[in-house]
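If you check Swiss-Prot, you get these features:
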DOMAIN    34-209  domain 'BPL/LPL catalytic'
BINDING   ARG73, GLY74, GLY75, GLN76, VAL77, THR78, TYR79, HIS80, SER140, LEU141, GLY142, GLY153, LEU154, ALA155  substrate binding site
SITE      LYS137  site 'Lowers pKa of active site Cys'
ACT_SITE  CYS171  active site, acyl-thioester intermediate
Amino acid sequence: MPLQDTTLHIRHLGKQDYESVWHAMQHYTDTRNSESPDELWIVEHPPVFTQGQAGKSEHILNAGDIPVIQVDRGGQVTYHGPGQLVVYPLIDIKRSKIGVRQLVTHIEQSIINMLAKYDIQAYAKADAPGVYVNERKIASLGLRIRRGCSFHGLALNVDMDLAPFRRINPCGYAGLEMVQSKALGGPQTVTEAGEQLTITFSQLLGYQHLVHHQGLAAS
């Protein structure tokens, strides 16, 4: 669906701790107005478990030395760590005239389209948000909508240690197996995955102009 504003600002944040980026997302969402641009934040986090608003403590089996942060997104517990691409779409869905479910579908489809370039057959599930390959999960998804705008986003496993996922029931599903793109012949690095996902995401949502930035804007 074409957007009223066809410019998307891409912010390459590199490696950043989770909480500082989370608070920056909240600040951008709370202070943006009808003229504020849509942005896509691309980042890699140190090891952390994040527990969504629907999260149940019993799904954290053994956090060990990895911190657990309670956050304001939808969904259950997930893991972020080095070698995982994390993308936060900060989209004014009210201005863009797309619904929440449609945005979720677009995000999932952008991952599916990106993996298809590498001949990886991925798919979404109606009852379990995210993207899967052969019943193993390759990407997790959790959004929050506030003031008609989205924040939080997606995490794509690229080239990471998947062992910490065994310390939790990922997204609330006991025994859910995870997989990553490098093992499937997909993107080999977080940088490559970010570049390719930016293309499929912007194409799917109708953005025609991409403006790249290094780091966050000065607040």
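From the backbone N, Cα and C atoms, a Cβ is placed for every residue, glycine too.
Known features from Swiss-Prot, placed on the structure.
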residue: ARG73; record: substrate binding site; contacts (Cβ under 8 Å, 6+ apart): THR50, GLY52, GLN53, GLY142, LEU143, ARG144, HIS152
residue: GLY75; record: substrate binding site; contacts (Cβ under 8 Å, 6+ apart): GLY52, GLN53, ALA54, GLY55, PRO129, SER140, LEU141, GLY142, CYS171, GLY172
residue: VAL77; record: substrate binding site; contacts (Cβ under 8 Å, 6+ apart): PHE49, THR50, GLN51, GLY52, GLY55, HIS59, ILE60, VAL68, ILE168, ASN169, PRO170, CYS171, GLY172
residue: TYR79; record: substrate binding site; contacts (Cβ under 8 Å, 6+ apart): PRO47, VAL48, PHE49, ILE66, PRO164, PHE165, ARG167, ILE168, PRO170
residue: LYS137; record: site 'Lowers pKa of active site Cys'; contacts (Cβ under 8 Å, 6+ apart): GLY130, VAL131, ASN157, PRO170, CYS171, LEU176, GLU177, MET178, VAL179
residue: LEU154; record: substrate binding site; contacts (Cβ under 8 Å, 6+ apart): VAL86, VAL87, PRO89, ILE107, ILE111, ALA139, SER140, LEU141
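Mean pLDDT for the domain 'BPL/LPL catalytic' (34-209) in the predicted structure: 94. Fewest other C-beta atoms within 10 angstroms, among the recorded positions SER140, GLY142, CYS171, are seen around CYS171. The record assigns ARG73, GLY74, GLY75, GLN76, VAL77, THR78, TYR79, HIS80, SER140, LEU141, GLY142, GLY153, LEU154, ALA155 to the substrate site; their largest pairwise CA distance measures 16 Å.
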